[in-house]
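K.L.:
Before we start, here is the structure in question, set down as structure tokens.
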Amino acid sequence: MVLIGVAIVIVGFIIRMNPLLVVTIAGLVTGLIAQQSLYEIIEQFGQAFTTNRYMAVFIATLPVIGLLERFGLREQAENVVSKIKAATTGRIITAYFIIREAAAAVGLTSIGGHAQMVRPLVAPMAEGAAEAKYGKLPDDVRDKIRAHSAAADNIGVFFGEDVFVAIGAILLMKGFFDQNNIPSDPLKMALWAIPTAIAALIVHCIRLYLLDRSLQKQLGAGKNVPLEQGKEE
Amino acid sequence: MIISIEWVYIFLGLIAVCGSFYTFVDKKNPRRITSGLFYLLYGISLLLGSVIPPFFMGLLVLVMVAIVGAGGLKLGSYGEASREERIQNRNRLGHKLFIPALLIPILTVAGATGMKDVKIGELFIFDPKNITLVALGVATLIALIVGLWMTKSAPAVAVKESRRLLEAIGWAAVLPQMLATLGTIFNTAGVGSVVSNLVSQVIPTHSLFWVVFAYCIGMALFTMVMGNAFAAFPVMTAGIAVPLLIGQFGVDANHLAAIGMFAGYCGTLMTPMAANFNIVPAALLDLKDKNHVIRVQIPTALIILAVNIVLMYCFSL
């Protein structure tokens, strides 16, 4: 019975109702099925909303990023990469991806982020590199480049951070095993995270290489083909 | 401590509340009153979260959802700088524009690592439990001051610009918190144990490979439902890994946990429930399809999930 809430979420997302509404309804219904009173459910909403305020911390970056955008930060980022001949969309995102994963692996998870790095710097640079090569980009290509910039941030930080011993995930696992009287060692958990971290690095770098290839295939035949095209390996 | 996480929330709240005043008087917004109310309430929830009793906070949240549900949240006009203006300004400032932007990560890292044990008297300067978040808050404030000084702008400009960005994100800004709420309700209602029972009923428990397979796939699927691998880990591990993998096959807990958590992360990459990673960025980057980031991530996530199953199986032999 309690799975009805899960079903509501899935159906809601499929018929493209507003997710905020779907989630609220799913929460109310699940609570009622579990025989909680309306007062309790609303109290839980308030409680959880308050304890999870840390998820809104990206808002802190908006004033300064917005201000800098007004003064041309994104245009400047596009401009810088367009002067570098070797810069391609895939290579820029790859560079950011590798830095992001490596930094996370040594515990510096706060070095990236969507609001402070991807929107003002990485995405404009990746777009700028493509524009310098192929001229003005169609909207769908622009969206694809932006989505790849955001994806690189996520994948980099996810598969990098567990290599660091003192990260939340490792502490959570250690706590779980301690509770169940099963011996575990944070250092070994971090070491066992390395093979997957390397696999993620390789797989995603290949995908970004393929992104360059697909951009070349899609846009390379256009009228804005510059001479450097032949240098692509 | 001297600077606690509450101060950061107050900063966030002020940004939203100040922005909402402009929304109330934005004549170009067809629903300026309800839109303004949405951001005002959101700001209040951030600003006074520790003071308002949970029940009233819950009502406040429901009002926000009702505004969104009734179509009361609309965009207005933001007096954006034209491309010509931006390029003209850019030529004046050039590379200096990068300074405040790069100050954010540099100061955050410096604050989070360098200020860890710094005290004045008996008091920590930064809240040691939330050091990264506090460092980020302080870093953005310093970067903002430097930015205002460099561009010779009034603080009101920054408020207006943050309103432009926040309203472009719109309801998606609130979604991560709502999803975390749903996760809590799922938990108390016992959704987790139902799912792990279902999974353990359908797998052949005598085969190491299939148990590993079920654990990894289960982690990914349950993470997709909850939007959070941390919520899935205790449930799936207690349901499948501890009785079967550790109990029956004698597998080492360390590699099982490390790889199992990664299998969960593969799920995070594929679900709109992990809104702060997948949906908020799509809104921030102004993507037409809000699931575009997920679409891009799915191939990598599936490949890594397969790699995880193989790795866990090989290490467990």
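Cβ coordinates are placed from backbone N, Cα and C, and glycine is handled just like the others.
Keep in mind that TrEMBL annotations are predicted by a computer and have not been checked by a curator.
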K.L.:
Pick from B:78-96, B:97-115: which range has transmembrane segment per TrEMBL?
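P.N.:
Going through B:78-96, B:97-115 one by one, TrEMBL flags B:97-115 as transmembrane segment.
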K.L.:
Which residues of the same chain, at least 6 past either end of the transmembrane segment (B:37-53), have a Cβ under 8 Å from a Cβ in it?
P.N.:
6, 9-10, 12-20, 23-24, 60-61, 63-64, 67-68, 72-73, 163, 166-167, 173-174
K.L.:
Considering only the recorded stretches B:6-25, B:97-115, B:171-195, B:207-225, B:232-251, state which has the highest number of Cβ pairs under 8 Å to the transmembrane segment (B:257-284).
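P.N.:
Between the candidates B:6-25, B:97-115, B:171-195, B:207-225, B:232-251, the best contact partner of the transmembrane segment (B:257-284) is B:207-225.
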K.L.:
Under 8 Å, at least three CB pairs between the transmembrane segment (B:171-195) and the transmembrane segment (B:97-115) (pairs 6 or more apart)?
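P.N.:
Between the transmembrane segment (B:171-195) and the transmembrane segment (B:97-115), contact is absent.
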K.L.:
Counting Cβ pairs under 8 Å that sit 6 or more residues apart, are there three or more between the transmembrane segment (B:207-225) and the transmembrane segment (B:232-251)?
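P.N.:
The transmembrane segment (B:232-251) and the transmembrane segment (B:207-225): touching, yes.
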